[in-house]
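J.: My structure is below; once you've seen it, I'll send some questions.
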Amino acid sequence: MPTPTISRLLSVDALRGLAIAAMIVVNNPGDRRFVYPQLLHAQWHGLTLADVVFPLFLFLVGVCVALAIAPDKTRDATGRFSLWRKILPRAAVLFALGLGENAYLRLSFDELRLPGVLQRIAVVYLATAWLQSRLSSRALAVVAAVTLLGYWLLLAAVPVPGHGHPSLGMEPNLQGWLDQLVLGRHIWKFNTSWDPEGILSTFPAIALGLIGVLAGRWLRQGGDRPGRAGLFGLLMIALGLAWDVVFPFNKSLCTSSFVLVTGGLGLVMLAVAHAVLDGRPRAAWARPLGILGRNPLFLYVTASFLAASLRHVRVADAAGQTVNLQKALYLALFGFLPPGPFPSLCWGLLMLAVMFLLALALHARGIVIRL
């Protein structure tokens with residue numbers, strides 16, 4: 001199958017658009033008391049639709065790294081300098097935006113959360129870019145496999161300091177111990193000792209990015225035989241399901257079984273999207289996702305700051321009581337519906353619609369904001 005320009009594949013843009021659309025909807029329920037179960041993250045072990053969304057984006061980070069960075073152009077000092085001059089500032093901006101998102105409208109920095117979604121993307125981007133520029137595909141696969149196996153052995157065999165035994169429980173676990181040791185109070189503020197984007201789980205997240213890099217190299221080499229790539233993704237899913245028996249799916253710990261299943265799903269989706277969309281003149285139905293996927297991180301950041309602003313502004317409701325602007329708008333628009341998950345989902349879809357209009361305006365002007 002002839003492959004369109006490497007730098008702009010509709011399959012990749014559409015999947016990024018799908019991932020960012022799902023992230024916006026999942027992060028913005030109208031009423032957090034009423035959410036469809038599949039749009040909630042699993043409390044601890046388990047897997048829901050909401051759990052798959054962010055890993056899919058990390059997988060696509062790896063895909064884009066492989067498409068953007070040619071290893072043969074980074075072998076000499078000049079090539080490596082040119083590479084780092086591009087990726088270091090971009091990673092720094094992403095990390096800083098993540099800190100800004102965590103600090104936004106908060107007066108105290110004493111307990112500022114240091115990890116976060118954008119911070120993890122920055123670290124995975126930096127690590128995968130470096131490894132893409134240095135290693136062969138076989139070496140990348142070995143690094144990913146050793147990382148996932150080593151992470152399993154670490155959590156399954158190493159006792160949690162102060163507790164005398166290994167633990168995969170919510171409390172205690174090695175991730176929480178390390179987060180407390182290094183980050184202290186600068187973690188997630190939901191009555192836990194660990195952060196879902198904590199230090200230890202960053203390593204399997206990088207392995208997930210490397211799975212994406214390998215998929216991106218397949219696209220770079222022509223993307224032939226997408227059926228074979230899809231079958232390999234299904235094999236990864238099967239291995240992840242088997243591993244789940246002894247190392248359960250867990251988004252917060254980013255367990256190795258979780259990485260295999262989400263990475264395999266990403267590969268299956270990419271193979272199908274590549275076969276259906278790339279080089280096909282009748283793929284106009286996927287253009288809305290492609291438009292979202294041209295500026296995904298900018299849209300995510302904008303949606304996050306908009307949601308935080310709406311929660312911060314206080315107004316009087318119809319009864320004269322003070323509520324935040326988000327609740328007031330939600331009740332004004334969807335208050336005629338019975339309370340439940342449907343109107344709550346409608347608010348998330350409204351946020352997505354607003355972000356799509358912004359994406360459409362950027363697309364119409366040919367603007368791509370590279371965060």
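First residue shown is number 1, and so on along the chain.
Glycine too: its Cβ is placed from the backbone N, Cα and C atoms.
Here the structure is a predicted model, which means the values were calculated and not measured.
Found this in TrEMBL, in case it helps:
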type	residues	note
DOMAIN	8-222	domain 'Heparan-alpha-glucosaminide N-acetyltransferase catalytic'
TRANSMEM	46-67	transmembrane segment
TRANSMEM	140-160	transmembrane segment
TRANSMEM	198-219	transmembrane segment
TRANSMEM	231-249	transmembrane segment
TRANSMEM	255-277	transmembrane segment
TRANSMEM	297-313	transmembrane segment
TRANSMEM	342-362	transmembrane segment
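I would like each feature placed in context: is it buried or exposed, what are its neighbours, and how far apart are things?
T.: Across the domain 'Heparan-alpha-glucosaminide N-acetyltransferase catalytic' (8-222), mean pLDDT in this model comes to 93.
Taking Cβ pairs closer than 8 Å, the transmembrane segment (46-67) reaches residues 6-7, 9, 12, 15-16, 18-20, 22-23, 26, 37-40, 117, 120-121, 124-125, 128-129, 132, 205, 208-217, 219-220, 248-251, 258-259, 261-263, 265-267, 269-270, 296 in its own chain, all 6 or more past its ends.
Beyond the ends of the transmembrane segment (140-160), by six or more residues, the same chain brings 131-132, 166-168, 172-174, 177, 200, 203-204, 206-207, 210-211, 213-214, 243, 246-247, 253, 255-256, 259-260 to within a C-beta distance below 8 angstroms of the stretch.
Cβ atoms under 8 Å from those of the transmembrane segment (297-313) belong to residues 20, 23-24, 27-28, 94, 97, 101, 104-105, 117-118, 121, 324-326, 329, 351, 354-355, 358-359, 362, 369, 371 of the same chain, restricted to positions at least 6 beyond its ends.
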J.: Under 8 Å between C-beta atoms and at least six residues away from its ends: which parts of the chain pack against the transmembrane segment (342-362)?
T.: 21, 24-32, 34-36, 39, 288, 291-292, 294-295, 298-299, 302-303, 306-307, 330, 333-335, 368-369
J.: Are there residues at least 6 beyond the ends of the transmembrane segment (255-277) whose Cβ is under 8 Å from a Cβ of it, and what are they?
T.: 1, 9-12, 14-15, 47, 51-52, 55-56, 59-60, 63, 148-149, 151-152, 155, 168, 204-205, 207-208, 211-212, 215, 219, 223, 226-227, 229-230, 232-241, 243-244, 247-249, 283, 286
